[in-house]
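Encoded as structure tokens, the structure appears first; notes follow it.
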Amino acid sequence: MTNSIQFIDGCWEAGEGQLFKSIDPARNEVIWSGEAASETQVEKAILAARAAFPDWSGRSVEERLAICQKFSELLEENKEHLARTMAKETGKPVWETRTEVGAMMGKVAISERAYHERTGTVENDMPGAKAFIRHKPHGVVAVYGPYNFPGHLPNGHIVPALIAGNTVVFKPSELTPMVAQETVKLWEKAGIPAGVLNLVQGEVDTGKALSAHPQIDGLYFTGSSNTGHLLHKQFGGRPDKILALEMGGNNPLLVTNVADVDAAVHNIVQSAFITSGQRCTCARRLFIEDSEQGRAVLERLIEVTENILVDDYEADPQPFMGAMISAKAAGEMVDAQNELLHKGAKSLVRMKQTDSKKGFVTPGIVDVTGVEDLPDEEHFGPLLKVYRFKDIDAAIKEANNTRYGLSAGVLCDDEQTYRYFFKHIRAGIVNWNKPITGASSAAPFGGIGASGNHRASAYYAADYCAYPVASVEADSMSLPESLAPGLKF
């Protein structure tokens, strides 16, 4: 039976490209299959978005918001179905995918506030006229979604883009096509007009056809640094196109002078191992004071990590960690651990892949203190590297020794230490005594260096979804009392 997985110009249709499949990484079962969108279908989607743009952008923001709010209501009505779809396709526990759907539901209200605050109309009086600042949508924008948050993260681009009046062509991760399909069905049910939101499913060729098409006015990407850099090169010399890149990080978390050891360990675990380490903000490097207290924190961290429950997404009791996105990804994490051990790192908690055909791995901790030539890589999984330090300035210097700059944090009881850390650390998200995976949709989200291109998302997504237009306006004309030199009337 043909699976109509492409949503183009208001209609579902089968892809014309190669067959690809989605596999439940916790159970090694094929749960979805369909044909990729061809280059012709990608162009069809872009032209449909172009044709729909004048009407959609010409509507009042209240009309556009009404459809977005209906979408939010449908998320509420279908939250359990969508959460379980996410769990099957990503391997994340159901308790966690429910929180993702909740974040999607809250995005419309937050994006509405951001639209008015960041891109609203400003009026100022001036002699004989008024000055206005208004904003207009870019046109047709492409949205590329990741697999780790297949609902929430693309939603964070799509909702503000639609509110601003853009039309969208959405290319989700090829690893989570079912979540994308179910999400777009809710947009269809919400009454999104034909061509305003289009879905093109597929693998690399589909993505390349979309990013290379001359008719897109912008591209919003969340994913790996390697892909983001390729897109940046592709858009080089094209200042007419808006490009927003949200990429990863080699994120540091520093611990010093904490009285509550268990609270500190809880924050470390939440920073490093939540979502099986598959958040771009996850702590990859733990800087811990080489002292009696630091050793106590590390010993407790080892104990807690060894007892983290890893299991199926529907298991009862629910696990803290589910499967990674694929058996291949899980195997690559074990390989990354072994490479560090080969370089001289010491295993504190050994990561293991429990089944070579599934995405389950246990969390790992390696001590890399004194190890030379460590790769500045984002190991996208539950692998934490420990650096012991005696001098906080040296620790901060090493924390900054990365091409990335997404998230960072410090766990300490002294506010002065936090202020010092905040002043000297280079990152777009800096937390104190909270997990560094914690970020608010009511704040900007983004990093510096190889983590982004200065287009923060979340609350600041409104900024790249519209461009400012300055106007000086007068309802009548008259000659000035004093003419400029050299003029005669």
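Heads up, the Cβ atoms here are built off N, Cα and C, so glycines get one too.
What you are looking at is a predicted structure, and each value in this text was computed from that prediction instead of being measured.
Swiss-Prot annotations:
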type	residues	note
ACT_SITE	Glu246	active site
ACT_SITE	Cys280	active site
BINDING	Gly223, Ser224, Ser225, Asn226, Thr227, Gly228	NAD(+) binding site
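Shown on the structure are the features that Swiss-Prot records.
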residue: Gly223; record: NAD(+) binding site; DSSP class: coil
residue: Gly228; record: NAD(+) binding site; DSSP class: helix
residue: Glu246; record: active site; DSSP class: strand
residue: Cys280; record: active site; DSSP class: coil
List only the single closest residue to Cys280 (active site), chosen from the binding-site residues Gly223, Thr227, Gly228 by CA-CA distance.
Gly223
Within 8 Å of the centroid of the Cβ atoms of Gly223, Ser224, Ser225, Asn226, Thr227, Gly228, which other residues of that chain place their own Cβ, given that this set defines the recorded NAD(+) site?
Phe221, His229, Leu230, Met247, Gly248
Between Gly223 (NAD(+) binding site) and Glu246 (active site), the C-alpha gap once rounded to whole angstrom:
6
What's the CA to CA span in angstrom from Asn226 (NAD(+) binding site) over to Glu246 (active site)?
11
What Cα-Cα separation, expressed in whole Å, is found between Ser224 (NAD(+) binding site) and Glu246 (active site)?
8
Tell me the Cβ neighbour count for Ser224 (NAD(+) binding site), meaning other Cβ atoms within 10 Å of its Cβ, over all protein chains shown.
15
Give me the CA-CA distance between Glu246 (active site) and Gly228 (NAD(+) binding site), in Å, as a whole number.
8
Under 8 Å Cβ to Cβ from Thr227 (NAD(+) binding site), same chain, six or more residues apart: give me those in sequence order, or none if nothing qualifies.
Phe221
Which residue, of the binding-site residues Ser225, Asn226, has its CB surrounded by the fewest other CB atoms within 10 A?
Asn226
Other than its own, how many Cβ atoms are within 10 Å of the Cβ belonging to Gly223 (NAD(+) binding site)?
21
Among all the protein chains here, how many other CB atoms are within 10 A of the CB of Cys280 (active site)?
27
List, in sequence order, the same-chain residues at least six positions removed whose CB sits under 8 Å from that of Gly228 (NAD(+) binding site)?
Phe221, Leu245, Glu246, Met247, Gly452, Asn453
What is the total of other Cβ atoms whose distance to the Cβ of Glu246 (active site) is within 10 Å?
27
